[in-house]
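Novice: The substrate binding site annotation in TrEMBL covers Arg362. The domain 'Aminotransferase class V' feature in TrEMBL is assigned to 65-289. Look at TrEMBL and you will find Lys205 tagged as N6-(pyridoxal phosphate)lysine.
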Amino acid sequence: MTSYLTKHRPGRTIFANPGPTNIPDSILQASAVPSIDFTDEDFTNNVYLPCIDGLKRVVKTTDGQIFLNAATGNGAWEAVLVNLLSQGDKILIVEGGFFSDLWGMMARNLGIKVDVLSTNVRTGVDPAELRSLLSKDTAHEIKAVCVVHNETSTGVTVPLADIRKAIDAAGHPALFLVDTISSLASIDFRMDEWGVDGVVCGGQKGLMLPTGLSFAAVSPKAWAATETSTLPKHYFNWRFQIQRIPHKSFAGTIPSHMFFALREALRLIEAEGGVDAVLARHHRLAEGVRRCVQHWGSGDKVVQKEGAPEIFCEDKTRYSDSITAILIPGEGKPAQVKQIAINLGVSLGGGIGKWTQGKIIRIGHLGDNNEASILGVLGVVETALNIAGVPHYAGGVTKALQYYAEQRIAQQTNGHTL
Ligand SMILES: *Cc1c(COP(=O)(O)O)cnc(C)c1O
């Protein structure tokens, strides 16, 4: 593939940013089609509507409705807020990091009052604290609890089932709104089972799409809330969109090319064995990354080596299967490692927001990855640690490949081919 950059980088750069992610060739090719009339019945019945069914399978809903936008994830954030809330309503943002902060800022700019449940961003929210906070809101002023499922800036995934239980235990009627932009199709998410009312979803992360499509999945309870919502809205107005039969989305032209790409992405998911098989692969690949980073940090010892890399997330039960944030001590070291890595053929994410800017690198392992791509990333990062003079125990990559070997052998024992 020709590089779109002026600087020639021989070989194929391994893209390990946590969004956008790698786009599989077959998805790129699927969208290389001539323009069509977007009201064409063949397109509607054979491309568009099957995509909606596929998205419902990915978010695991049968009761929910899907509303799409030609926008990035920010558009879906906005759609969920403006369709469900009114001027002066109060919401609770559960702090997680840069993205939860940004969602809160958007809400304030839209005229919504925002309370923040502060957390230690290296572990994420304690459901018991959420429960106690909601129990004190006896007047039920909080209209929605907003949670980022997987905080892309920290690599912490919060347990949504426990958060649902905390809301129920407080007997609180607030809507449960969840940002799944970096967890969809990469980390277990169950809209109906976990009683999520508004799901915010993006295309260019786990769904492997070119950037520009996002959507919301809306529960019957949330749909009822759209009746009383008075915040100004137009392009994102679901009650307007639903009248556009049969597409029920988009105030203007339907971005048909995105649907050819989406149909292929959904086909790839099914061809791998369905969304659960995709989640299992993400878990396996992520676990290899973690074993590697842990080895860099402490080798076979218990104590962390001074100045060595460390997983940012401090709760082992909340490690993210879509992105690993790695703390690298030393002024300027993360940026140096990131720059060396790109020169060696691996694109990484850096720190973003007040908690992680300048302090971490982020390995995105969501979307279209396999052992080969992940081992390539880890090998290059270990090389970069050497070049940048970051103290570490050598041989982290060996830990990852040993783990992948064990996993494959176990799968073979279970009747799968190697
Ligand atoms: C990427 C991301 C967003 C923002 O989405 P855009 O597509 O960049 O607008 C919001 N939340 C999370 C968790 C993300 O990872």
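Positions of Cβ are set from backbone N, Cα and C atoms, glycine also.
Bear in mind that TrEMBL entries carry predicted annotations, made automatically and left uncurated.
So where do these features actually land, and what's packed around them?
Specialist: The Cβ neighbour count for Arg362 (substrate binding site), using a 10 Å radius and every protein chain shown, is 27. In the three-state DSSP assignment, the secondary structure recorded for Arg362 (substrate binding site) is strand.
Look at Lys205 (N6-(pyridoxal phosphate)lysine): DSSP puts it in coil.
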Novice: C-alpha of Lys205 (N6-(pyridoxal phosphate)lysine) to C-alpha of Arg362 (substrate binding site): distance in Å?
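Specialist: Checking the Cα atoms of Lys205 (N6-(pyridoxal phosphate)lysine) and Arg362 (substrate binding site) gives a distance of 14 Å.
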Novice: Take the Cβ of Lys205 (N6-(pyridoxal phosphate)lysine) and count every other Cβ within 10 Å, whichever protein chain it belongs to.
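Specialist: That number is 29.
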